[in-house]
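Per Swiss-Prot, the features are:
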type: SIGNAL; residues: 1-20; note: signal peptide
type: CARBOHYD; residues: ASN23; note: N-linked glycosylation site
type: BINDING; residues: TYR90, ASN135, ALA136, GLU137, ASN195, TYR265, TYR373; note: substrate binding site
type: CARBOHYD; residues: ASN100; note: N-linked glycosylation site
type: ACT_SITE; residues: GLU196; note: active site, proton donor
type: CARBOHYD; residues: ASN211; note: N-linked glycosylation site
type: DISULFID; residues: CYS271-CYS324; note: disulfide bond
type: ACT_SITE; residues: GLU308; note: active site, nucleophile
type: CARBOHYD; residues: ASN411; note: N-linked glycosylation site
type: CARBOHYD; residues: ASN456; note: N-linked glycosylation site
type: CARBOHYD; residues: ASN541; note: N-linked glycosylation site
type: CARBOHYD; residues: ASN626; note: N-linked glycosylation site
type: CARBOHYD; residues: ASN777; note: N-linked glycosylation site
type: CARBOHYD; residues: ASN790; note: N-linked glycosylation site
type: CARBOHYD; residues: ASN832; note: N-linked glycosylation site
type: CARBOHYD; residues: ASN880; note: N-linked glycosylation site
type: CARBOHYD; residues: ASN881; note: N-linked glycosylation site
Amino acid sequence: MARFPQLLFLLLASIGLLSAAQNHSDSEWPLHDNGLSTVVQWDHYSFHVHGQRIFVFSGEFHYWRIPVPGLWRDILEKIKAAGFTAFAFYSSWGYHAPNNHTVDFSTGARDITPIYELAKELGMYIIVRPGPYVNAEASAGGYPLWVTTGAYGSLRNDDARYTAAWKPYFAKMSEITSQYQVTDGHNTFCYQIENEYGQQWIGDPVDRNPNQTAVAYMELLEASARENGIVVPLTANDPNMNTKSWGSDWSHAGGNVDVVGLDSYPSCWTCDVTQCTSTNGEYVPYKVMQYYDYFQEVQPTMPGFMPEFQGGSYNPWAGPEGGCPGDTGVDFANLFYRWNIAQRVTAMSLYMLYGGTNWGAIAAPVTATSYDYSSPISEDRSIGSKYYETKLLALFTRSATDLTMTDRIGNGTHYTNNPAVAAYELRNPVTNGAFYVTIHADSTVGTDESFRLNVNTSAGALTVPSKGSIRLNGHQSKIIVTDFRFGPSHTLLYSTAEVLTHAVMDKKATLVLWVPTGESGEFAVKGAKSGKVERCPQCSNATFTRKKDVLVVNFTQAGGMSVLQLNNGVRVVLLDRAAAYKFWAPPLTDDPFAPETDLVLVQGPYLVRSASLSGSTLALRGDSANETALEVFASKKVHTVTWNGKRIKTSRSSYGSLTASLAAPPAVSLPALSSAQWKSQDSLPERLPSYDDSGPAWVDANHMTTQNPRTPDTLPVLYADEYGFHNGIRLWRGSFTDAASGVYLNVQGGAAFGWSAYLNGHFLGSHLGTATTSQANKTLLFPAGTLRKNTTNTILVIHDDTGHDQTTGALNPRGILAARLLAPSDSSTAPNFTQWRVAGTAGGESDLDPVRGVYNEDGLFAERMGWHLPGFDDADWPANNSTTTRGAQVSLSVTGATVRFFRAVVPLHLPRGVDASISFMLGTPAGASTAYRAQLFVNGYQYGRFYPHIGNQVVYPVPAGVLDYDGENTIGVAVWAQSEAGAEMSLDWRVNYVADSSLDAVRVAAEGALRPGWSEERLQYA
C-alpha cells in the first residue's frame, strides 16, 4: 500500500470510524422475546439467555445413529471439551413410531431424557429439532415409513390425515422437551419447527404471495408445540438464501416463528459436489459465500443465525472409501468458521459434529452405512486434527464476550499493506473492542502471504505488528483482536497471535495465545511495564518493549508451550498449533457461559473431559492415548490432582503450574475371527417350490387400488409398504398355473438397490444395482425344463431397497411396479398370476424387537427366524464347509445364486478403565466376484451393508454396547450372491484406538438390556 492511502486510512480510522462505533447505541435495535418468557431474548446482535449475551457455537449429533445411551455422554463430553456452548439434535419420528398407534419414548435408546439431563450436568444449551420431517439423509427424511403409502396425503401440509398422523409424536416430543427448558432451570433454549421448509411463498419471495397451505401447516405445528408446553423461542431454518421463509422481519404473512436462520453448505453437503451446483453454483474449493447482506435484508432485528453450517459431507454410494475429509478438513474449519464471524454470525451449529452410523435401515438411498460425515468427531468416536482445529475457535468464541455484540465497520484490502489479504472489521459499540478477520482477498487462493494490519484502538490508529508481519500461510484465516477485555480489569490492546482463551485464578489473569508452528506474534497489554520469560523451550526472539502505558511483546514460537509473566500479574501462555490442539479449558461449573473465574487450564492430554474442585484437590477426567506430560494451571490452593479418580504425582513449576506424567493405556488385542467356530445355513428357502408360504410371515398382496400417487403398471399392487413391510429386503412369491415363456419385472427400490428372481428354485437373473439407478426392469426368459406342468409355478422376487427418498420423494413406492408373464411360444395370450404373497420384517409393524426397533431387520429368512440374535441355538447346524481362513481373517463362501447366513460366537475381554473402538472390515478376495450383497450383524444389530460392486465402504465401526467388551458376541453375516458365480467375502476386525479414560467402555458395553436375545416366537415366521 502506498504511504498516502495508509495515512488516510489511519486518519479516517481515528476520527470517523471510531466515532461511528462509539455513537452506535444498543437501543437502536429492539430486544425481542416471544411474549411467553424473557429468559431467552434476541436482537440484531445475538441471543440473550438470562439477560446475558451468548455466542452460540453448537454442533449436531443424532442419538438414533448411536443406539447406546451410555455413549451419548462420551459424545457430549467431547463437544463440551472443545468449547461449544450448545449442541443440537434432530429427533426421528420414524424411530419412535413403529406403527400409527405407537409412540415410544421409553424403550432402550428411545428414552431421550438422558440427553437433556447430560446437557444440564455438562453445561450446554440445546437446540431441539423434532421435525416432524428432518431430512438428515434418513429414510423418508425421518418419517415413519407407514406414512409413505399415500394414505396420509402428500405430506408436509395441513391435510387432516397427515395432521392426525404427526400429532401424537410431535405432542409427546414437545411434552418431554417442555420439562427441560431454560425457563425451568434446564438447558433447552430453542425449538425448531419443521426443517428447511422454505415454502412460505408462491413464486418469488420478493412478491410476498403466501402459500396458505404451508402457512396453515406451520401454524398447526407451532400451536401443537405451545399446547404441549414449549415456551422457549420457536425457530426455523431456511434451506438457502432464496426462500426467505418464516421470519417476521421479512413479512407478517402467517406461520412465522420467533427466530429464523439460514443453512449453508458452501463446499457441498455430499462428496459428489455436482449435486450442489443448483444451490451453490459451480464448486470451487474454498470459495466463501456472502451472508452479511442476506441477514441485513431478511432478518435485521434477529441474530445472524445458522442452524446448520457445514461440518462435513456425507459419502454417497460409490463415493470414496472413508468419505472426503479433505474437502472439509482442517483448513476448511479454520477458514470457513472464521469467515462466518466476519459475516457477523453469532449463532451457528455445525452439521454434523458427530455423524454416527446408518445402522439397520435408517438411511435414505443417498448414502451407505457410514454417516461419519467427515465430522470433527469421527464415526468411531475418535478425535483428531479437525476436532482440535475447531476447538481453537470454539474456545475463543466462548471467551470473547465482546463478539456477541458487534457492528461491521468495514472490509477490504485497504486494511492491510498486501493487496492479496483483506480484513473485515467488527466492533463492539459499547466497549470499542474490535475483531479484524483476515483472509486472502480471493479465498480460493492458498498462497503464503505476509502483511501488516491497520487497526483502530483506544490508543489510536496503529499498524501492527510494530516488528515483523502477520502471516496467512495456505487456506487460513486469523482473527486479530484489539481492546480485548480479559481478567479482572485488563485490556489486550492488540494481538497478532490469536486468542485461545483466558482464565482468572487467585484474582490473577492467565491469557492464552497461539500461532501456527514457527510463526511470530506480537501483542500489547495495557498497564503492564515489564515482563519476563518463565518458560521458553522452543521460542526465540521474545522481547518486551514499553510504549507509554503499554507493554509490547514480540515472539516467535517454534513449537510447544512458553510462559511469560508480566509485572501487572498477568501470566501469558504462548502455544504453537500442535500445543494448542492439546490445550484445554474445562469449567468448574455447569454454566454454559463458562466464566473465566471458573476455569482451569490443562496442557497435554488427548482429551480433558471435565474438572472439579473439592478443597485442595482438583479432579480431572479425560483420556490419554499414550504416555503424556500433563501441566495444570489452577488456583494455588490446589495441591493434589487426580486423573480419572486416581491421584497422580505432581511437581510445581516456577510459574505456579502443576506438572505430572500420564501413563500409556494398556494394549488391546482381539481374538482372530478365523479361530471362531463358524456355521452357516441357506437363507433363501422361499425360492423353492416346496416352500410353504402359508404362515404368518406372509401376507396376501391383493390390493387392487392404491392411494399412492404412482399407479402401478400391473395389478395387484405390489408395493411393500402397502402391506406393512418397510425395510430393506422383501420377498414376493407370485403363482401361476398356465404356460408362460418368461416374465417382465420392473422393480423400484432407490439408488443402489438390487433384486433377483427365481422360477421354481431356478435362478433367472438379477439387477445388481448401480449408485444412481433407483428402478430397473428386466425381461427374463424361462429356461427349458424349469416350468412345472399341470401344477402351480412360483416366481420368487427378492429385492433390497435402500430406504425411501427424501422430501417429496418419500412417497415413491418400494416394490414391483410391473409384473407380466410372457405368452408361451405357441400362443399369443399371456397368462396371469393367480396369487402374490409378500414377506418382510418379522411381525411387520408390530415391532417384535422394540429395543433395536423397526429399522433393524429386513425380511430375510435368517432374520425372521432370529439367527442373528444372541442365544439362538445353532447346535443342530452341520459343521460348516463354506468358510476358510486367511490368517486372522475368515472367508465366507456361497455357491450359486442364493443367500447364505453365517454365524459365530466370539468372546471379548477388554481391560477395565479404557475406552476402545472396534471396526469390522469386509472385503472381496482378489479374483472373486463382486456381484453380491452382504449384511453384517453384531449381537442382533444390523451394522453394515456391504455392496462391493457399488459402494466403497469396507470399514464398519461397531460401538461398545452393541458389542459386549467382556463377554460373548454373536457375529452374523448374510451374503446374497446375485449370480451363479456365487460369492466370497472376507471378514476381519480391528481396534481403532485405545485410551486410558474416565469412560469405561467395558462398563458401557455391559448393558445387556440393549442386546435382547432370541425367543421362540420367531419360529412362527419361517
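Glycine is treated like the rest: Cβ placed from N, Cα and C.
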Nearest of the glycosylation sites (ASN211, ASN541, ASN626, ASN790, ASN880) to TYR265 (substrate binding site) - Cα to Cα: ASN211
Residues near ASN777 (N-linked glycosylation site) in space but at least six apart in sequence (CB under 8 A): TYR744, LEU745, ASN746, VAL747, ALA818
GLU308 (active site, nucleophile) versus ASN195 (substrate binding site) - Cα distance in angstrom: 10
Neighbouring C-beta atoms (10 Å sphere around the C-beta of ASN626 (N-linked glycosylation site)): 13
Rounded to the nearest Å - Cα separation of ASN411 (N-linked glycosylation site) and the residue listed as 'active site, nucleophile': 25
Residues satisfying Cβ distance under 8 Å from ASN881 (N-linked glycosylation site), sequence separation of at least 6: none
Integer Å distance between the CA atoms belonging to GLU137 (substrate binding site) and ASN541 (N-linked glycosylation site): 52
Residues TYR90, ASN135, ALA136, GLU137, ASN195, TYR265, TYR373 [recorded substrate binders]: greatest CA to CA distance in Å: 19
Active-site residues compared (GLU196, GLU308) - the one with the fewest other Cβ atoms within 10 Å: GLU196
Packing count at TYR373 (substrate binding site) (other Cβ atoms within 10 Å of its Cβ): 31
Minimum Cα separation from TYR90 (substrate binding site), reported as the residue among recorded positions ASN100, GLU196, CYS271, ASN790, ASN832 that achieves it: GLU196
Alpha-carbon spacing, TYR373 (substrate binding site) to ASN211 (N-linked glycosylation site), which is rounded to whole Å: 34
Pairwise CA distance, CYS271 (disulfide bond) versus ALA136 (substrate binding site), rounded so that it is a whole Å: 15
